[in-house]
Amino acid sequence: MKFPGKRKSKHYFPVNARDPLLQQFQPENETSAAWVVGIDQTLVDIEAKVDDEFIERYGLSAGHSLVIEDDVAEALYQELKQKNLITHQFAGGTIGNTMHNYSVLADDRSVLLGVMCSNIEIGSYAYRYLCNTSSRTDLNYLQGVDGPIGRCFTLIGESGERTFAISPGHMNQLRAESIPEDVIAGASALVLTSYLVRCKPGEPMPEATMKAIEYAKKYNVPVVLTLGTKFVIAENPQWWQQFLKDHVSILAMNEDEAEALTGESDPLLASDKALDWVDLVLCTAGPIGLYMAGFTEDEAKRKTQHPLLPGAIAEFNQYEFSRAMRHKDCQNPLRVYSHIAPYMGGPEKIMNTNGAGDGALAALLHDITANSYHRSNVPNSSKHKFTWLTYSSLAQVCKYANRVSYQVLNQHSPRLTRGLPEREDSLEESYWDR
């Protein structure tokens, strides 16, 4: 487990030098592992350059997103392959991206649950999915299906306009019996997306998702929900509010989804409102930066050394140096908030907005899992006087999430190819020392 964020001292966590005082508390075997588990609609993003006639011939609407049938998708895919029009085939899916990015950042195990083609041809989209996923992401629990996984075609027309064609394939065929109880029982978090409970009638995915939530509750594993798009939420915000209240501990969203859910256009007020239902909120707000909101134990609150920020809640970041806790673990819960502007003002040229939020969530998951890992290895540490949810303060998690988002915005793919550099030039040292 690599530890999140930067720390000034070189060894802030006793891993290599075994402290004799720790020996008595630690088993002789390998230090206990920590991991996260996520359920996804297994999806491959296929990008191709086509002419306008191609888009018309398949009955697609230029510049829009349409769901297409499996046979149309197969014909379309075969034609793209024969004519060599495919420019990129990436593993996609919100949770797949998040698990991959978590494994790259933490250099540790994540587990992905979902479906995968039983027969995989070399060079096919399913093969690409496996190739583009970190080797630290455990794919051993995927359920085999007889047919295609999900495919999202991005067809770039002559004018550069993007048209999307989505073929769900068998991606929603995950059955409840394919959810491994022991894997969820030992996890630091269960990560889900709102798309999982919104499927066609008769598809087993929602039932599998609820089964996973049931296991998570049984073993006190925090459930993390990332909101899909504002349209899914806007259909029935009250239903989602109740769903969050009943099942979810950590919520990740962008400012549009936040407004659809809460009716508040200010991301800070929306995050505050969401604390009525969940324990911790991560809200990315594009060029404004990102917000976090959570609870801490009043007795253990820590004042910020950063300038106090104005906002809809005055001086809202006053206690941003506090670590987050779940509401039920607090004796006297206090709401705490933090905000950070985009790292280095954001990239000069944004290559890709798809996945910046998944990157930020992966950073938060890394911090939460590092906390579980530290607690199981150094249980009597003063860092665990209270039952904290995060290893670092809200302000520090914001910095880390922000840095990872920047990395994703700066590249073509939503998946990181390597972890963050140990030391950086540029503004780095002054940035982390702030």
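Backbone N, Cα and C atoms are what each Cβ position is placed from, and that goes for glycine too.
What Swiss-Prot says about this one:
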BINDING   Asp40, Gln41, Thr42, Leu43, Val44, Asp45, Gly93, Thr94, Ile95, Gly96, Asn97, Arg198  GMP binding site
BINDING   Thr284, Ala285, Gly286, Pro287, Ile288, Gly289, Gly357, Asn402  ATP binding site
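Annotated features, which come from Swiss-Prot, shown on the structure.
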{"residue": "Asp40", "record": "GMP binding site", "DSSP (3 states)": "coil"}
{"residue": "Gly93", "record": "GMP binding site", "DSSP (3 states)": "coil"}
{"residue": "Thr284", "record": "ATP binding site", "DSSP (3 states)": "strand"}
{"residue": "Gly289", "record": "ATP binding site", "DSSP (3 states)": "coil"}
{"residue": "Gly357", "record": "ATP binding site", "DSSP (3 states)": "helix"}
{"residue": "Asn402", "record": "ATP binding site", "DSSP (3 states)": "helix"}
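Each residue in Asn254, Glu255, Pro267, Leu290, Pro342, Ser405 lies on the same chain as Thr284, Ala285, Gly286, Pro287, Ile288, Gly289, Gly357, Asn402 and has a C-beta within 8 Å of the C-beta centroid of that ATP site, without being one of the site residues. In this structure, the CA atom of Val44 (GMP binding site) is 18 Å away from the CA atom of Gly357 (ATP binding site). The least crowded of the binding-site residues Gly93, Pro287, Gly289, Gly357, judged by other CB atoms within 10 A of its own CB, is Pro287. A gap of 22 Å separates the Cα atoms of Gly289 (ATP binding site) and Ile95 (GMP binding site).
Sequence-distant contacts of Ile95 (GMP binding site), defined as residues of its own chain at least six apart whose C-beta falls under 8 angstroms from its C-beta, comprise Gly38, Ile39, Asp40, Leu112, Gly114, Val191, Leu192, Thr193, Thr226. If you take the C-beta of Gly286 (ATP binding site) and look for same-chain residues 6 or more apart in sequence within under 8 angstroms, you find Asn254, Glu255. Cβ environment of Asn402 (ATP binding site): Gly289, Leu290, Ile340, Pro342, Tyr343, Ala360 lie under 8 Å away, each six or more residues apart in the same chain.
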